[in-house]
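Before any comments, here is the structure.
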Amino acid sequence: MLTIDRLEFSYPGATTAFHFDLTIAAGEIVGLTGPSGSGKSTLFDLIAGFLTPNSGTISLDDRSILPLPPERRPVSILFQTDNLFEHLSAGTNVALGLGNAIRADDPRVADALDAMELPGLASRRAANLSGGQKQRVALARTLLRNRPILLLDEPFNGLDDATAQPIRRDIARLVVERGWHAILVSHQAEEIATMCARVYAIENGKARLVTEAGSNH
Amino acid sequence: MPAGPTFMWRPGRVMSGATIALAIAILIAALLTVLWTTGRSMPTTGSSVANIGHLVRMSAIQAGLSTALSIFTGVIIAWMLDRLRFPGRGLVVGLLSTALVLPSLVIVSGLLAIWGRNGWANLFLGPLGLPTGSSIFGFWGIITAHVILNGAFAGRIFIDRLAAIPSEKIKLGRSLGLSSWRRFAIIDASALVSSIPGVAATVFLLCFTSFAIVLTLGGGPANQTLEVAIYQAVRLDFDLGAAVNLALVQLLVCAVIIIPATTLSPPATLFGRRSTLHWPEPGWLTVLQAALLAALLFAFIAPLAAVLAEGMGPALLAVLNQPAFWAASATSLWIGVASAGLALALALGLAMARGLLSTSKLPRALLGLPVFTYLTVPAVVLSLGFFLLARQLGLPPSNAAPFVLVIANALLALPFVFAAIAPPLEALSARHEKLIRSLGLSSFAQWRHIEWPLMGRPIGYALAVAFVFSLGDLGVISLFGTSEFSTLPWLMYRAFGAYRTNDAEAIAAILLVLSVSTFILIPKLFDWLTHAHD
């Protein structure tokens, strides 16, 4: 269980304070909505360790992750863009998930690419991939890293529905299979409704539960 | 109180940058202290001090006029190159880029080959009864050399400014049917105006602290600058008290100029965007532009061509047979390689640390301070500081010379090396820091896989600039050079002084070929090396 308990944060000099209380079970995707600047990215930065909260805790299976620096947190992130280093090949981008022994010819890299239905693309430069392929390569790296918390920061924006739909399905399947704890930020109501068991709206710096129905599939 | 620890990202990189900045600050402080204490303890024995007012006035007039003419020339060159499209345009733009690093002595040699007593001009004008004498010596010779070098440098920066004008503005201007004049006044001038103060401040300082050109073309005390007066006080009068007083005045004047200048937009690096939208001028103006451009390019290229023509003849073989030439070449090359490597290491350390401190204004500013060393502490002043420091430490100047040359040349090249590599490193950090952190890459893995492949060309460019800077330096070696310890520019200057003009021209040709080929090949080599990785 990922537990965000009485987490408080405010930017220096800002009047708005953020308060978050949230729990996410293994195999669950929770949706977050809200206007720009409402605090969605702030919550992600707090979970990922890029920001330090004023008070409260974030724990995974009752163990606080706050003492861990970002690089050691059990977190993977899929951004809207810039998930890949465009000068590197798809294979090397995936291999970055192996830690510092980065070898694009590691069999696990090919396995991850195969699992994301990208066979034979290992040597292609990331700059030459389509938007959907780029997100799949990033997902292959996430699969290889296998961190239990997955932060999805509008990863389907900019993709057409036909491209995005199978990726959504793959993510939902992986979350269940691997027992990941996922949070999806999206402005698309239908996307959230399809993927998320529960949906929170962030308003006035607080997450308010708006939907508790739906399915991961 | 924060609920968890605040994580410092890449503390090793931040500490390295801070250590470099601190080390440079301590070094500069030590040099300034030595200058100050020496100035107080050694009374001047000559008359140089009495002439300080004259020196400052002459330096300011010369630098002011050089700057005004260089900016005007630069604007004209940029305006014409922006409008004209012709085969070899890229080569011309690339050639202008070399103006920043071209050894001043090479231009001096070229001007002498054309306008000197036995130059080409007299060769053609003499039979017509129109001899020019040695018109290149003196005030106007200095101005000419400065405008050739700095006009090309300014033009190169302004071309990038014009190329960066948004295409929407060009389309709007064209659809409104703006005349050529209105187009320049409304669209071009607004793009150039913001960069002119920064470029002008840089050019003014370069001319105010000009050494090699004033030393060789000055033609007498009337046209001396503070830099040349410092050199003469040390080397000719051995009046260290006067030299230090002059150096302190020089530092004060440079500081007065550099402090407000740092708030102006700095000159861009020489990597600019290329506009794909071309809006040529009407036919008659295009002809006029082409003619003007040809004339200005001739003024820039002719001295370089003269250097090659005069230096690549029989004189070259004579020089190649001199053991002193090979010794000076070896010294120049290893000092160039070492100072370029040091400048790159310093700049990388500072830039990597700054990239991690994107939101911390004060630490960023402190890490940027060493970059201004070159403009606030000119070469001869820096050299004098090292010279006095070596004496205080009981080191013979000949023993200290190699280290001084490497360190001083690295510091002098630092602003240009930093300007080439800091922006791409910082942009990379801003774009990918979160991803790199969340992937948990080590600092080495980040360098090896992410930064190195993208930084090859800027690093190659930075190394080339630093190497060529060192290769052409006459300011630092001027106080340390002897017949036993010599670099190519020092050997060339001594050849000029001994009226061995042929030798000097041959060395100038070698310096020119080395400089231009380094400037072209090294960035390409590093581009190739980095792209071979993935």
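All positions are counted from 1 along the displayed chain.
Keep in mind that glycine also has a Cβ here, set from the backbone N, Cα and C atoms.
Now, the feature entries from TrEMBL:
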type     : residues  : note
DOMAIN   : B:56-259  : domain 'ABC transmembrane type-1'
DOMAIN   : B:329-522 : domain 'ABC transmembrane type-1'
TRANSMEM : B:20-39   : transmembrane segment
TRANSMEM : B:59-81   : transmembrane segment
TRANSMEM : B:93-116  : transmembrane segment
TRANSMEM : B:191-220 : transmembrane segment
TRANSMEM : B:240-262 : transmembrane segment
TRANSMEM : B:283-305 : transmembrane segment
TRANSMEM : B:325-353 : transmembrane segment
TRANSMEM : B:365-388 : transmembrane segment
TRANSMEM : B:400-422 : transmembrane segment
TRANSMEM : B:459-481 : transmembrane segment
TRANSMEM : B:506-526 : transmembrane segment
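Between the transmembrane segment (B:283-305) and the transmembrane segment (B:93-116), three or more CB pairs separated by 6 or more residues in sequence fall under 8 Å, so the two stretches touch. Taking Cβ pairs closer than 8 Å, the transmembrane segment (B:365-388) reaches residues 17-18, 20-21, 24-25, 28, 30-32, 34-35, 38, 202, 205, 209, 211, 227, 230-231, 234, 240, 243-244, 247, 250-251, 254-255, 258, 261-262, 346, 350, 353-354, 357, 397, 400, 404, 407-408, 411-415, 418-419, 473, 475-480 in its own chain, all 6 or more past its ends. Using a Cβ-Cβ cut-off under 8 Å and counting only residues 6 or more beyond its ends in the same chain, the transmembrane segment (B:506-526) has close neighbours at 94, 97-98, 101-103, 105-106, 109-110, 304, 307-308, 310-313, 315-316, 318-319, 325, 329, 456-457, 459-461, 463-465, 467-468, 471-472, 488-489, 491-492, 495.
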